[in-house]
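The domain 'Aspartate carbamoyltransferase regulatory subunit N-terminal' annotation in TrEMBL covers A:7-98. Under the heading domain 'Aspartate carbamoyltransferase regulatory subunit C-terminal', TrEMBL lists A:104-148. Here TrEMBL flags A:C110, A:C115, A:C136, A:C139 as Zn(2+) binding site.
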Amino acid sequence: MTDDHQLRVSKIRNGTVIDHVAAGQALNVLAILGIDGTSGEAVSVGMNVPSDRLGRKDIVKVEGRELSQSEVDVLSLIAPAASINIVRDYDVVEKNRVVRPDAVASIISCPNRNCISNADEPIRSRFTVLSDGVRCDYCETIVREDEVAANLDVN
Amino acid sequence: MRQDHLISASHLSREDIEAVLDRAADIDDDPAAFRQRHAGKVLGLCFFEPSTRTRMSFDSAMKRLGGQTVDMGPVESSSVKKGETLADTVRVVEGYADALVLRHPSEGAATMAAEFVDVPLVNAGDGAGQHPSQTLLDLYTIRENAGLDDLTIGIMGDLKYGRTVHSLAEALTNFDASQHFISPESLRLPRNVRYDLHASGAQVREHTELDEVLPELDVLYVTRIQRERFPDENEYRKVAGQYQIDSETLEAAADDLTVMHPLPRVDEISPDIDDTDHATYFEQAHNGIPVRMALLDILLSQDR
Ligand SMILES: [Zn+2]
């Protein structure tokens with residue numbers, strides 16, 4: 001990573017930089033964070049930026065916002081290589097790799113339309129995290145990593 | 001068993017399976033000894049889709065243990081019709097019964113229902129998901145006819161939607177069984193079942209033609225290919241005919257090949273096989289009674 005690449009996305013003062021997001025996933029990251037531009041946060045997005053580690057990557061910078069654990073859990077499913085940098089007063093004060101949780105609840109909808117978790121029952125969707133995807137705890141359907149974003153149940 | 005419920009064959013260990021099959025063999029030997037075993041106990045039958053045979057089989061099994069059954073009746077005339085959730089229904093029926101049997105059209109229904117009740121719950125089929133009590137009677141039949149170790153089994157037909165196939169394949173991973181799956185491309189095993197088979201290190205091969213493996217098989221387990229799975233009738237005819245067997249087909253098979261089918265069949269097994277030594281499907285259906293008696297006996301006898 002060179003300074004030149006950093007400059008493609010403007011610096012933020014306080015907030016979070018989500019770096020090393022798989023190329024093409026930046027908009028899904030915004031969806032997970034519930035950011036659609038209407039609530040006024042300053043957001044910068046770099047897409048298909050050259051990266052030594054990933055070839056190409058996306059970067060998302062969000063001013064004035066630190067992420068919750070459940071947001072990080074979901075991010076880990078669509079961007080397992082992501083690093084999350086907390087910025088205060090223009091300095092990176094904390095740098096964390098995402099860690100995949102063992103299970104996630106309420107954030108992914110089961111793509112099996114006949115799954116009981118999609119019926120009108122008093123339960124939350126729940127998935128066990130596998131090495132390359134997630135599996136519905138109810139119907140056992142497997143959602144591969146590259147399909148997770150399409151089944152996000154955010155907002 | 002490790003848990004109080006029977007939800008998925010993937011939860012069954014070899015010990016669990018053998019405990020049920022051994023108990024079923026005891027019952028087969030001396031049914032009279034079990035006649036009053038669960039006198040005074042009540043089994044709740046919750047069938048959210050019609051299945052006369054499975055329901056009758058559980059009903060009969062419970063009564064032969066001295067117990068009784070309560071049946072919620074057809075969905076059309078129940079509170080479900082008024083929009084009650086499954087979670088509510090099972091919590092209500094739990095109050096009437098010592099154990100529940102659930103058949104439901106949605107995958108995962110039994111897993112969910114078990115989260116809401118304290119009495120043992122048996123999954124009697126959830127959509128295209130699992131049907132583990134069928135698997136136990138299948139395993140009992142296989143053990144009686146061919147043995148469960150050093151077994152070569154062919155499983156043929158609709159492997160994608162066939163819940164009996166999914167449960168059987170997963171349960172067989174507990175044994176030294178080599179499994180051959182024979183189906184049209186479009187009806188191959190679903191991803192999650194393959195995943196489990198692969199994860200358990202099972203010996204699995206897939207075929208589109210029966211004759212590639214027929215001579216090696218100890219057991220051929222046939223399932224029905226449903227017309228409604230195909231967008232057009234011609235496509236269905238082309239495929240279905242290819243997976244029908246008759247006595248001529250079986251000339252290439254071993255003399256002691258056991259042919260099984262969860263029934264009902266349509267035309268995938270010709271009646272000319274019925275009178276041969278290969279035909280085991282009616283015996284298989286009858287085994288539902290001792291096996292379900294054994295299962296209920298074990299679930300109802302646990303200290304809770
Ligand atoms: Zn599901």
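Placement of Cβ uses the backbone N, Cα and C atoms for every residue, glycine included.
TrEMBL annotations: computationally assigned, not manually curated.
All protein chains included, A:C136 (Zn(2+) binding site) registers 27 other Cβ atoms within 10 Å of its own Cβ.
The domain 'Aspartate carbamoyltransferase regulatory subunit C-terminal' (A:104-148) scores a mean pLDDT of 94 in the predicted structure. A sphere of 10 angstroms centred on the C-beta of A:C110 (Zn(2+) binding site) encloses 26 other C-beta atoms.
Sequence-distant neighbours of the domain 'Aspartate carbamoyltransferase regulatory subunit C-terminal' (A:104-148) (same chain, 6+ residues past either end, Cβ-Cβ under 8 Å): 32, 70, 73-74, 77-78, 80, 154.
Its own atom aside, the Cβ of A:C115 (Zn(2+) binding site) has 24 Cβ atoms within 10 angstroms in the protein chains shown. In sequence order, A:C110, A:N112, A:N114, A:C115, A:I116, A:S117 make up the list of same-chain residues 6 or more apart from A:C139 (Zn(2+) binding site) whose Cβ falls under 8 Å from its Cβ. Residues in the domain 'Aspartate carbamoyltransferase regulatory subunit N-terminal' (A:7-98) partition by DSSP class (helix H, G, I; strand E, B; coil) as 17 helix, 39 strand, 36 coil. Counting residue by residue with DSSP, the domain 'Aspartate carbamoyltransferase regulatory subunit C-terminal' (A:104-148) contains 7 helix, 16 strand, 22 coil.
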